[in-house]
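The annotation active site, proton acceptor is assigned in TrEMBL to 110. Taken from TrEMBL, the feature NAD(+) binding site applies to 13-32, 92-95, 177-179, 203-205, 221. According to TrEMBL, the substrate binding site annotation covers 57, 60. Among the features that TrEMBL reports, Zn(2+) binding site is placed at 118, 121, 137, 140. The domain 'Deacetylase sirtuin-type' annotation in TrEMBL covers 1-235.
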Ligand code: NAD
Ligand code: APR
């Protein structure tokens, strides 16, 4: 009898969007080989050089506009739509490719590049122009506080309670396209194992957390993810 999972949690990282043309962070030529985290991805950087941080994210926002979801995003949307059990996708990615492929049960734990957050009033909302430091918030009217709605190093990710609740009851955990370098996401596989879930890594190469996985299939996401989804859908 083929195993049917009741509750699947999927964690995705930058490697899922690599074949759509978006850079990863820690591969050769990755984002962090070109710019320093402490210069663009911390609250201190924003306080020190707000326009410099906005320029960095304006560039990444424009990149994410011009790209399309790939076969791996499409396969995950199909899994959510067609699999008889519940499927929750938790992404570390700030690009909109999961939702553009059709995934709906989705958490952007590091925020979304196409949204802004007002430092002053906390209002979040879509934004389709480059962010300028003196732009006034459409909600509270104050200037100098608009930032990309992206979680920086040292900040708490979004929806952690909902994520841990899902990890605590899942029976299959699939990690895709993430190096397992950044916590708390890097600790999710251990949470899932603690709940008795089967754990599977689909990645170009072994991640930092490889020893926690029951199964690992290494290769390009556009190849290994559709193949694994077909296996799940076949029962
Ligand atoms: P961390 O201590 O977990 O650092 C994780 C990795 O990030 C490190 O292994 C290192 O590779 C890199 N890193 C972190 N700070 C760095 C720095 N100042 N210089 C160079 N490399 C650095 O990260 P943290 O500071 O504890 O932050 C964790 C929180 O930040 C989590 O909530 C995570 O979700 C969030 N986060 C957001 C982003 C983002 O760009 N959206 C990036 C990473 C972490
Ligand atoms: N197919 C599958 N996996 C791939 C592919 C691909 N085509 N290309 C790269 N990878 C894998 C790499 O082997 C690597 O393990 O994707 C992973 C990318 O790792 P990172 O660049 O570290 O990206 P990620 O794990 O998402 O980073 C986590 O760190 O800087 C922060 O906020 C940022 O959310 C990000 C977090």
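Just so you know, glycine gets a Cβ as well, placed from its N, Cα and C.
Taking the features listed in TrEMBL, we show where each one sits on the structure.
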residue : record                       : contacts (Cβ under 8 Å, 6+ apart)
13      : NAD(+) binding site          : 24, 91, 92, 93, 175, 176, 177, 178, 179, 185
17      : NAD(+) binding site          : 67, 70, 73, 93, 95, 97, 177
29      : NAD(+) binding site          : 23
57      : substrate binding site       : 40, 113, 131, 148, 150
60      : substrate binding site       : 94, 113
110     : active site, proton acceptor : 91, 92, 93, 94, 150, 151, 157, 158
121     : Zn(2+) binding site          : 137, 139, 140, 142, 145
204     : NAD(+) binding site          : 15, 18, 177, 218, 219, 220, 221
Problem - Where the C-beta lies under 6 angstroms from ligand 1, the matching recorded positions among 17, 110, 140 - result: 110
Problem - In sequence order, those binding-site residues of 13, 25, 57, 204 whose CB lies under 6 Å from ligand 2 - result: 13, 25, 204
Handout entry: Which of 118, 137, 140, all binding-site residues, has a Cβ with the fewest other Cβ atoms inside 10 Å
Key = 140
Fill in the blank from the handout: Sequence-ordered list of residues in the chain of residue 25 (NAD(+) binding site) that lie 6 or more positions away and have a Cβ within less than 8 Å of its Cβ, or none, is 14, 31, 32, 179
Handout entry: Structural state of residue 21 (NAD(+) binding site), classified by DSSP into three states
Key = coil
Handout entry: Long-range Cβ environment of residue 21 (NAD(+) binding site), under 8 Å and at least 6 residues apart
Key = 63, 66, 67
Completion exercise
Same-chain shell around Zn(2+) excluding 118, 121, 137, 140, C-beta within 8 angstroms of the CB centroid, reads 119, 120, 122, 123, 138, 139, 141, 142, 145, 146
Completion exercise
The answer, for which of the binding-site residues 92, 177 has its Cβ ringed by the most other Cβ atoms inside 10 Å, is 177
